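Worksheet: one structure, shown below.
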Amino acid sequence: MAANSSPQPQFMTSPANKTHSNQPLIDDIEYDQIVVPDKKSWKNIFSYIGPGFLVSIAYIDPGNFQTDLQAGAQYKYGLLWIILLASFAALVIQSLAANLGVVTGKHLAEHCRKEYAKVPNFILWVIAEIAIVACDIPEVIGTAFALNMLFKIPIWCGVLITGLSTLTLLLLQQYGVRTLEFFIAFLVLTVAICFFVELGYAKPDSSEVLQGLFVPQLKGTGATKLAISLLGAMVMPHNLFLHSALVLSRKIPRSVNGIKEACRYYLIESGLALMVAFLINVSVISVTGAVCNSPSMSPDDQEKCQDLDLNKASFLLKNVLGNWSSKLFAIALLASGQSSTITGTYAGQYVMQGFLDLRLKPWIRNFLTRCLAIVPSLVVSLIGGSGGAGNLIIIASMILSFELPFALIPLLKFTSSKTKMGSHANPVAVSAATWVIGTLIMGINIYYLAEKLITSIKDSHFGKAAKVLCGLLGVSCLLGYLSSILYLAFRRNKEGTHLLALTGQEGLQVSELNNLPREDILRMQLPQQRTTN
């Protein structure tokens, strides 16, 4: 195959690698595309705005609010530095996910299917699906709490209602990509306004807030547990699959400069979106820290702060700051939960399509995911009430943190590979920084797992033989977790990929993709029917 004879290098794909994975989901509907102008202009950034805000929803979902509330109530502003660290890590990691989709024309799940054998690929798919369900549980419970605050609906009834509410929101798809992106941006803005107003009511000490942001500290096992939950709630594995697929909805100029511009503008757009999410999370922790350490609190309110969840936070804010504060919190929680379910549905669709080459209609995918999330949420809310539901959110956030390496490590390896990314592979400094971030997160997880295992066995009332058996089982699980991470980290990438390494006349490494924009991604994600002559 010869390179294009035009003076500007183009990107090319081997015809042998064109599979049915790019076939459209629906054959009789045409779809509008967001086309980026093929000219250098700062106005091009407006064509790229959208995916980052859809991704940022996952950073301000009810799971984040739950862990933020407990962090502020128990440690005041002491864990704000975790939010800063996690936000920085999220920006770097999300930009890599966007780069992978822009440069290669395939999202992360598709790369995993092509890279790994059937058994590891299937295991990674199962882990990704568990992560999506774990992400959906806080959204279900958070929406149920919001309905209870606003309309006094019982928690278990609210859990059932959430199974139907998002199906209505999915109808927004028929109005096109921009309509849905503007709607999501409106929900993010609603959440931000509500918590910024709460911040004005609470009036936290700015010097203490700044100290919490820039002075790292972890006081005790409880702080470590909450730190892991905060990391799990901030850097979510399903978001990596989501972002690498969302960028494929744009038709970008397939030149070297066009791809560099797309990567740069996606980084800026992600930075803006994650900055808003960062400020919202800081506001939640600051409001809770100021309220729960207020000298005018009653003994009942002080007791609520000891075990604060989303439901108790409403009554706490109402008693301390007034009725409007409680309503604002409920509105923000409802907007957060409903918007998060939309992005969770699309992430699940991309994961299933990428790993297994299976496609489902969004409402079917939403229904299946919702059923898996509603069953445990309903059981826990019926048996344990709001307190049990709140604890389930913390558990779900910790599951997300433990599963993060199984999406993060493939992403780091793929984006650092010259074979897959060509001249757009990660620089050495970026690779080193991302591996340090990933190792830090994995190290915290392993430390907490080992510490929790030892403490649980030591404090149990089992006999000596039972303790030994539990210890062996726990160590085996921990070794299995470590072995899986090491396998992904040290396994060599395949040499053959869908990219062809070519050399232009001027000695530049070039490659071409003719499968962008991905019509199957467009149709799976944001269908917009239009009439044709």
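Placement of Cβ uses the backbone N, Cα and C atoms for every residue, glycine included.
Positions annotated as region 'Disordered' by TrEMBL: 1-23.
Marked as transmembrane segment by TrEMBL: 45-60 (among others).
The transmembrane segment annotation in TrEMBL covers 80-102 (among others).
Note on the transmembrane segment (122-147): residues 58, 61-63, 65-66, 109, 112, 116, 153, 155-159, 161-163, 165, 233, 236-238, 241, 309-311, 314, 330-331, 333-334, 336-338, 340-341, 344, 347-348, 351-352, 355-356, 369-370, 372-374, 376-377, 381, 386, 389-390, 392-393, 396-397, 399-400, 403, 406-407, 410, 484 of its chain, located 6 or more positions outside it, place their CB under 8 angstroms from a CB of the stretch. According to TrEMBL, the transmembrane segment annotation covers 122-147 (among others).
According to TrEMBL, the feature transmembrane segment maps to 153-172 (among others).
Tertiary neighbourhood of the transmembrane segment (179-202): same-chain residues 49-50, 53-54, 56-57, 60, 172-173, 273, 276-277, 279-280, 283-284, 286-287, 290-291, 317, 321-322, 325, 328-329, 331-332, 335-336, 338-339, 342-343, 526, selected by CB-CB distance under 8 Å and a gap of 6+ residues from either end. Look at TrEMBL and you will find 179-202 (among others) tagged as transmembrane segment.
Per TrEMBL, the feature transmembrane segment maps to 222-242 (among others).
Annotation source TrEMBL lists transmembrane segment at 263-291 (among others).
According to TrEMBL, the feature transmembrane segment maps to 328-347 (among others).
Per TrEMBL, transmembrane segment is recorded for 367-386 (among others).
Per TrEMBL, the feature transmembrane segment maps to 392-412 (among others).
Per TrEMBL, the feature transmembrane segment maps to 424-448 (among others).
The annotation transmembrane segment is assigned in TrEMBL to 468-490 (among others).
Sequence-distant contacts of the transmembrane segment (392-412) (same chain, at least 6 residues past either end, Cβ-Cβ under 8 Å): 62-63, 66-67, 70, 93, 96-97, 100, 108, 111-112, 115, 124, 127-128, 130-131, 134-135, 137-138, 141-142, 225, 228-233, 235-238, 240-241, 244, 309-310, 376-377, 380, 426, 431, 434-435, 438, 441-442, 445, 449, 481, 484-485, 488-489. Highest Cβ contact count with the transmembrane segment (328-347) among the listed stretches 80-102, 222-242, 263-291, 424-448, 468-490 falls to 222-242 (criterion: pairs under 8 Å). Against the transmembrane segment (80-102), the recorded stretches 222-242, 424-448, 468-490 differ in Cβ pairs under 8 Å, and the greatest number is found for 222-242.
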